[in-house]
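Peer 1: Input: one structure, supplied below.
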Amino acid sequence: MMRYSLLCTCLFLAWWAIGGRGLATPYPSTPEFSGSPGSRATSGSPGTPKSLSATPRKILPTAKSVNYTEMIEKNPSLTIDLGNQTKYQLNWTDVVKVIPGELIEKMWEESNVTESLWFTLNKFTDVYKKDTIFKNFTGHFTTKYVCNVSQGEPNYNVSQREVKEIKEYDGKFGIPAPVVLSDLLASVNYVLRPQHATHNVFYTTRDYDAYFSVFFGDKDTQMLGYITRDFSFVTAVSWTNGTFRFLTTMMGYTDRLPVLKGHLIYKTDFIVGQNERFSMVILTTFLDHAYFESLVHPDFQGIFKDLTERPPAEVIVELQDKMVELEATQKCPVQSMSKITFEYVLKFAFSHFMAVAGLEDAGQHVKVRCLFDVLHELALLRAMTATCFHPFYFKGFTSNHLSSVATVMVTRTPIKQLKTFSHGDRDAVLATLQVADNVKEATDRILWAAAEIMDDIYTAYTDSFYLKLEDRGHLLDVFVLLRDKEKQHQVLKNRNLMIIYLTAGSMCNSVEISTVTSMLSDKNHYSLRRTFSPCLMSLRFDFTKDKLISETRLLPNMTYLRAEDGATGFFNILRDRHVATFNLLPVSSCLKAYAKNILMVIPMFNLTYVVSTAPISIGINYDVRDTFIEKKMFVSAVMSNCSTFPEGSGTRQIPIVYNITRSRSECPLCGAAFLAYDERDGLESMMYVTNRRVERNIFSDASPFFDNQNLHTHYLMLFKNGTVIEIRGRYRERTAQFIIITLFILTLMFGAFLAFKIFVYCC
């Protein structure tokens, strides 16, 4: 890029030195602003909503024409003396041997050699320039964005043969940074063009890049841009009152920003943020600057400091939390550009650039553990952004080399020991699973590792029936894996995937719902990791606003308005990000007619339990009689492969059991599920028994699942052979005994009263 810009400058100097005249080209009056070369705006692809046109400039260059080939033949060599003993020798004969004539002509045109000096000095008068020269640094330069390999840690090459030599699974080693960087920025495009909405201040630049675009709901605004090794830029486009407004924000290495045309200088004209290594600049017109200043009033220096003084992963997590706020407050999809959304998109793009800069400045090798953490968070950020900006497009930031490295690491991971890992080591493993997620050969081990982590989280959860912050973070990582895996697998064809959904559903109960809605209701906990709920991975389909409000109001000191705010926020998040869909299940093919009636699905190895509001013809149906008045509820056992049930179909009564004997050394209830439902609100929760510890905790006195004081809650036990029983515990026995004793006492009192009356009457 620098060589190209230098050649353009030389062309201009050559014209000036020999007094020649270049080829004529009219000044562009309609800036070309397509999303990517040759593409138009479509849903899910880059582009712009309308044909962009700008007001023609009043100053136009004088058209001149000359044969540049003839000029080169007359002056085959040119010496340019820039002073300070700096000279450049330009041999045109050698140049035309390497560069096609058409390209030389294009460079000649972009050098604007036909312009008069007066026109050159005046053509940028409408381009916005700062009033004062930027003098003081914005913050200070830090290297927190760089993933350096620690002393003593090994380095590996990433060729197909050598990648297998990797022995570590924890990412504490280095791999070649230039190779990874080439993968992440693999596309080649015209990143900058004179006709772009950058007001003709740049030369054409073709470079390796990643590209993105986001639209707003009003279809009149769009933001799009590129990420390269040297810089990244975002152009905001707004259609207002029949005119397009443009604002380009660029961030990059100070000494590697694209060369400006003419007499424009970054430091005196455009810089809004700078430290010892990076700079942020804005490019627009005076009129457009006034428009965007009133519309979004951006804090460029604050954005610059955040991006350059904090680790990229920290900034990315903050952006993820902002997405939660937009979802919970019903602002998704984003309808229009505002200060919040404008700054979000800038940070979104420049966070990707800082990840690139971390690779660029890491030297020869980059630390895998740190790199995977950043790329994992960026992947999640892109997925969340896609739910809030419609349409959203992103191309780039994939790497086959990284996938190969991650696959070897997954192979080396001692999955059976994952339950003994610290939270930090689990974080690293889950990030590795995400990077290896697109490798088909690694699928089985990825799901196995995820299931082991889920099982351990669930087991620990039953000790206190409370999810720790670290555990919610790990559930989030598994959730990200499921967003991809659900497209490739069906639950009952993979035991580990089934365990993941069963344990997630078991942690989605009334306590969990009220906890999350309570945090969202105070509007101060828009944290993705604090508010992430296993309900987003459950196979429950009974979530409604009214149900969530009902669960939330059970909390003390919870007003109806707060409960409604929290429940609405949780409902919006569930609607946007709930990964479990009915079509995911193989059994869905024979239950399509009942899709609207299904409340919950409980998959087991050979059969599937379906909780619904209607009986299912091909299964064994258990009519739940003690249910709420508004709707009926059935628990149906259906063969997972949609075959005929061995014992035939039909409706059966649910037998009642008062006492369950549990072995102290074995786990007779393992593989069974317990279902709780309320007479008024219906389905409450489900718990699946995975091991003895879970079995013991479910029946402990501290368990909130069996509420001995609530006479309106009922419990069913679902066996893996299709049998369903109702459990009536001690509270039912105590109720019956209480009623009998009460009747006996009342009878005695009535008898005594009657005897007293007879005695008085007789006497």
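For all residues, glycine too, the Cβ spot is worked out from N, Cα and C.
Feature annotation from Swiss-Prot assigns topological domain 'Virion surface' to 23-739; the stated evidence is sequence analysis. Positions annotated as compositional bias 'Polar residues' by Swiss-Prot: 31-54. According to Swiss-Prot, the N-linked glycosylation site annotation covers N67, N84, N91, N112, N136, N157, N241, N557, N606, N641, N659, N721 (among others), on the basis of sequence analysis. Taken from Swiss-Prot, the feature transmembrane segment applies to 740-760, supported by sequence analysis.
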Peer 1: Compared by Cα position, which of the glycosylation sites N84, N112, N241, N606 is the closest one to N157 (N-linked glycosylation site)?
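Peer 2: If we rank N84, N112, N241, N606 by Cα distance to N157 (N-linked glycosylation site), first place goes to N84.
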Peer 1: For a quick check of packing: other C-beta atoms within 10 Å of the C-beta of N84 (N-linked glycosylation site), how many?
Peer 2: 6
Peer 1: Relative to the Cα of N112 (N-linked glycosylation site), which of the glycosylation sites N91, N136, N641, N721 has the closest Cα?
Peer 2: N91
Peer 1: Indicate the candidate from N91, N157 with the smallest number of other Cβ atoms within 10 Å of its Cβ, considering only these glycosylation sites.
Peer 2: N91
Peer 1: Could you work out which of the glycosylation sites (N112, N136, N606, N641) has its C-beta surrounded by the smallest number of other C-beta atoms within 10 A?
Peer 2: N136
Peer 1: Which of N241, N721 has the fewest nearby Cβ atoms, counting only those within 10 Å, among these glycosylation sites?
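Peer 2: With the glycosylation sites N241, N721, fewest surrounding Cβ atoms within 10 Å: N241.
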Peer 1: Of the glycosylation sites N91, N606, N641, N721, which one sits closest to N84 (N-linked glycosylation site) when you measure Cα to Cα?
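Peer 2: That would be N91, the closest of N91, N606, N641, N721 to N84 (N-linked glycosylation site).
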Peer 1: Specify the nearest of the glycosylation sites N91, N241, N606, N641, N721 to N136 (N-linked glycosylation site), where nearness means the distance between Cα atoms.
Peer 2: N241
Peer 1: Find the one among the glycosylation sites N241, N606, N641, N721 whose C-alpha lies closest to that of N91 (N-linked glycosylation site).
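Peer 2: With Cα distances computed to N91 (N-linked glycosylation site), the winner among N241, N606, N641, N721 is N241.
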Peer 1: Out of N606, N641, N721, the glycosylation sites in the record, which is closest to N241 (N-linked glycosylation site) when you go by Cα distance?
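Peer 2: The smallest Cα gap between N241 (N-linked glycosylation site) and any of the glycosylation sites is with N641.
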Peer 1: Rounded to the nearest angstrom, how far is the Cα of N606 (N-linked glycosylation site) from the Cα of N641 (N-linked glycosylation site)?
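Peer 2: Cα of N641 (N-linked glycosylation site) to Cα of N606 (N-linked glycosylation site) measures 8 Å after rounding.
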Peer 1: Work out how many Å separate N606 (N-linked glycosylation site) and N721 (N-linked glycosylation site) at their Cα atoms, rounded off.
Peer 2: 8
